[in-house]
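Trainee: Dumping the structure here so I can ask a few things about it.
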Amino acid sequence: MNNTLGDTLPSLPNDFQGTENGEGQLSDQQKVKLGNLGMMTPMSNTLTYDFEQITLDTSPKESVVNHKNYENIDTINEQEENKCKLQKYQSFKVAKDQIRKSPKHKTCQPQQTVPQLEIGEQNLETHTEQQSPDTPSMNAQTLKFIKELWNSEKSETEYFKEIVDQKIPIVDYKIPTLNIYSPLVDCNSPMYEPDIEMDLYLTSLVDSLWGNQIVSRKLQKMLETGSNEQKELIVQKLERVSPQVEKDIFGNYVVQKIFECTNNKLQQRMFTKLKPHFYDLSKNTFGCRVMQKLIEYTYNRNDLQIQVLQQLQSNMRSLVYDLNGNYVIFKMLETFDKFKMEFMIPIVEESFNYMGQQIYGCKIIHKIIQQYSQQQITKIIRLSVQNYNILSQTEYGNYVLQHILQYWIPSQEKFHLVQLVLQQFFQLSINKYASNTVERALEALGKQELVSIMKWLLCRSPNQYTSNFVVLANHQYANYVIKKFLVLSDHNVLKYISDHLYQNQSEFTAIKSTVHGQRINSFLDKQIQNLP
């Protein structure tokens, strides 16, 4: 056994001690001689072949024996894994006649039993029937413990510590050792509630809510038509992910639905949870929508409105310059008592030039002009008059001037604004936005003032071939000003303008040369026919 290969070779004939070629391979003649001597056994043939492959091919080889062993090991592992899955499934199996069937949710339907594997020599069905008679059933106290632990935010360690501190006998809360094939709960218990699948379903929906429109709609529908327990579970799960979920493109709609469809207790819980984040949400594109719904919830609730003001009042100047914060301020002006929002007047005065040209900023100015007295907003009116030329020609600023001309009480400031508009009647009438301001200024004039404007309209400027009336009537924006003027004028003014057009054939031809002029001419004829 201790002989080496060198000890064995001298005992062989010389013909077999070496090779004739330089690669150490046996020639066919040598193999025949070794076979005749009984030295080329099947094993030696295999060794010789392996030796040849090793010397010629250095690429890694996979053993056939090891490959078969690995296949057997994989098969055993797969069987063990399937067995564990089946045991876990059977441990949570509830009798089919006790499972609540709901046509709305597939998760509430009884699942199909997976193909059963053989355990030992017995079938799994036979093994399931032979349950241990000593397995204790779950009593009401145990189910109560499970339910409290399920709904609690505490860990098991904290929960047990609380039980010990209250000196409650721990034996009453002892969970019996369950057989893996026995039902999870006692179906005969009066506290049996087969809602565990629905709870898991709702939890899964909340976890997958982020950026998912379909899940968002499902949760909104459950908040509208679901049970109180389902609504409470949804609120509980959303509390844990606030305020991030309020900033989600679809999650914010679910939180809004809480302030619409749930009871006051759940709404108050969500309000308290969001309270430290009011300012942050007000500046967020989707969070400001939740804030507007939350402010609506505080209607006629003085204590809640005070809490909102405490969080936002110090940051109101920052919200004025924020595109999303403007929405929140406007909702506060609509919902809160006006005396609580008086602090906004000096802030608007400071930011008037910016707010007057911004879509929601001008709405805030409108609301303040409507709600507060003349003495309180005199400075705002003066700022509007001073900046009339800029405001009248901007997309949103012209609405501020329109509001003052339409709703503001007669005053020196309003009269001064009308005069400024009439001084630039032609330039403002041909502007897309300023033409709206001119229309409102015409509504503030009396009959004598309208006659003065008529005389100016029928005049012809030095660089024009037709009168101002025809030029403005043919313009795409100014024709609306002319139409408003005709509506406000009496029968004598209308008749005078019509006679002027028919007496000057060049002007009559010019006014009918455009679509806008033709409409003005037709409207003038109808107004004359309808007047007595």
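Cβ atoms are placed via backbone N, Cα and C, with glycine included.
Pulled these from TrEMBL:
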- 1-27: region 'Disordered' (REGION)
- 14-27: compositional bias 'Polar residues' (COMPBIAS)
- 179-528: domain 'PUM-HD' (DOMAIN)
- 237-272: repeat 'Pumilio' (REPEAT)
- 273-310: repeat 'Pumilio' (REPEAT)
- 311-346: repeat 'Pumilio' (REPEAT)
- 419-455: repeat 'Pumilio' (REPEAT)
- 464-499: repeat 'Pumilio' (REPEAT)
Trainee: What average pLDDT is reported by the model for the repeat 'Pumilio' (273-310)?
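Mentor: Across the repeat 'Pumilio' (273-310), the average pLDDT comes out at 95.
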Trainee: When you scan the chain for residues with a C-beta under 8 Å from the repeat 'Pumilio' (464-499), skipping those not six or more beyond its ends, what do you find?
Mentor: 426, 429-432, 435, 438-439, 442-443, 445, 447, 450-451, 453-454, 456-458, 506-507, 510-511, 513-514, 516-517, 519-521, 523-525, 527-528, 531-532
Trainee: Using a Cβ-Cβ cut-off of under 8 Å, list the residues of the same chain that are 6+ residues beyond the ends of the repeat 'Pumilio' (273-310) and lie near it.
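Mentor: For the repeat 'Pumilio' (273-310), the sequence-distant neighbours (Cβ-Cβ under 8 Å, at least 6 residues beyond its ends) are 239, 242-243, 246-249, 251-252, 255-256, 259-260, 267, 318-319, 322, 324-325, 327-328, 331-332, 335-337, 340.
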